[in-house]
Amino acid sequence: MNLQEELKTSFKIYDNITDKILEKCEELCLTYSLSAEDLADQWGAYSISNLNSSIPTLEGLEFMERKEFKQNKDNSFSNQTSGTPKSVQKVVDTYEEQDSHLLSTNLSSTPKSTRTSAKRSRSPDQSDFQKESFSLESSLTSTPSTHDFNHRTNSGKVELSYGIQNLLSKATFRRTEVLENEISIRSCLEDNLSCDVRYMYNVMSTKVSNLNSLTEWIGKYLINKFELGEAVGFSKASGLVTTYGRICSDTLGKLHPSTVLLEGSQDLSHGNTITLNLTKVPSYAIFPGQIVAVQGFNPNGTNFVTQKLYSDASVNSTTKSKSTLNKPLQVVVGVGPFTLSNNLSYQPLQDLVKYVTANKPHVLILIGPFLDTSQETVCDITMTEVYSNFFETLLESVMSPLEGLNIDVILVPSSKDAHHHIVYPTPPYKLKKIYPNLHCFSDPCLIDINGLTIGATSADVLLHLSKQEFCNVQGGDRISRLASHLLCQQSFYPLYPPDEDVCLDYELMQQHGMINIIPNLLILPSNLRYFIKYVNGCVVINPERITKGYVGGTFSRIEIFPTTSNTLLSDSIVAQIVRCSEFDTSADSESHGFLHPYHHYHYHHYEADPQNRSDYKITLPFLVTLMCLSSLMCLILLGALKGLIGICCWAPVGMWSLGALIDLPRPLESYQELELVHYPVVYDQTGWPVHPQTGKRSVRALSKYI
């Protein structure tokens, strides 16, 4: 397949891709040594951040080239490996040795255990579907940005189902029975992040100490887990040696094997780095910040020839169920933004609340951002209410309809919230009003619900990892591999340095951002395409977002069935990804008391209809422009009136101030020179006063107009 055909395949998610656009894409691939799939990934990430997932255009590709590629032109970009081949996966499949191999320690040659489990259905109505690989087709939602949310045709559609077939057939995703035990929601962490925590006070020495202690901890864990023997430093040695450290790069941009360095710990290698030669490793997946243990040869002390690479530092998953559930538990997960980019109506959130009030799940998990700083309406100066007050009003509009329905609501914040702390990990929301069924957690968090362990974060760590990871693997599922990095590194955000969108506090990250247990359910929201995967003993869900730019998105609904003592709780989980919609239920927003956040504007002295932005969008530049234009029009009208009076009635009025600008003859009462003062004033034929003897024009004085 030539490059043109590969580009057509990678960009087929978009319609109307012209030949000129394909030629531009081909030029970018050849200029910057990119594969078609890599370019599609780059465009997907760039368009989400800057263009609201718009289709490729020549102008957009040129902007991306200037912003993303040319600034790294001096770096040594080599040819990337092409995307993983797409293969067909059975709908009912078994998590066997091959999958276990692909989802473990970066696919290195370490011992693997074979796990056979019950079969899981991946699609509600098809016998098979295409395995998700990290191409643009499977990573981004393909919805035209001009599509109107209120006229969408696929609302309420089940996009993806997951779970054992017989449990899927039993799942109703609505509360039909009352749990005998009360819902117990608590944090799995002993030391929870406080709302008033101090952050970003780290000095450089503290940051270095935190990074070093994490390297020591994970590195020694890997050595002990795989029984690799005693680790040594980076000094040259003749035989096979074992060491550990953190993956880093000696250049900016995406990681590449030719630029990989291993940074050792202070105790083992005094923080020095060594070039890592990976040509002898058959398969691996690495990214900056990853802590690995390696075995190989170090003949000269500067180039470590790696034979084996280990990175699976995940803890052992729970072998027996500790759940106290006696009836099915229903959970709904929605991720912000919760309104479209061009308004603050929060209609998608209102639709989600309608669904919740109709189906009455036991738990509703809402993950921020609620006031996304990247949305134009949030940053607009016409939003005159304080962000925190607006959020409190918005939260009341969610909690009021749920009053009396016995639904527990979990809030997970986001560092992108305009009213909240811009730091990761993010402290929980601090609310003025207390709700008995509302639980605020930090981001990230590990939550225990009657023995069901749920991990959640609002950071788009999957997208950030996908932009930095380098993978040398034949086949496999890249999405599952990206998710496995978090479990293998025991961290909600293992990437270092972090993405520019993340303000990482390293001390808080070490205290509150680690995954010290394998959760039953891991929620990783991302701008990548929605998915539900079984990874390393954990069900990983990307519910995507309630809205994406100017279009509606998706949410997830989950049902957990009671288990026996011999089964894993993750085997009893069924889940679906559902398209956001205005659901056809009897639950009416007014009957359930859904209070639109803008309804409170009238209590803040806003008499206009705030949903009609034309009623109140009067900005300072507009007022200044209006005043200038009004003044100019007044001056023009006054000048016209003066001229009209001068022509019709009184000529001197029409000539006010014009005499000084126009050179007109003026009469003199007498000559000003002493020798001529006794002479009568003499004028020439044009009316100019002249010298009585020479006839030349003389000095004139202004007296009165002719």
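Any Cβ shown, glycine's included, is placed from N, Cα and C.
Copied over from TrEMBL:
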- 122-131: compositional bias 'Basic and acidic residues' (COMPBIAS)
- 132-146: compositional bias 'Low complexity' (COMPBIAS)
- 5-70: domain 'DNA polymerase alpha subunit B N-terminal' (DOMAIN)
- 218-310: domain 'DNA polymerase alpha subunit B OB' (DOMAIN)
- 331-533: domain 'DNA polymerase alpha/delta/epsilon subunit B' (DOMAIN)
- 101-154: region 'Disordered' (REGION)
- 618-638: transmembrane segment (TRANSMEM)
Under DSSP, the domain 'DNA polymerase alpha subunit B OB' (218-310) has how many residues in helix, strand and coil? 15 helix, 36 strand, 42 coil
For the domain 'DNA polymerase alpha/delta/epsilon subunit B' (331-533), mean pLDDT (0 to 100): 92
Per DSSP, what is the helix/strand/coil residue tally across the domain 'DNA polymerase alpha subunit B N-terminal' (5-70)? 47 helix, 0 strand, 19 coil
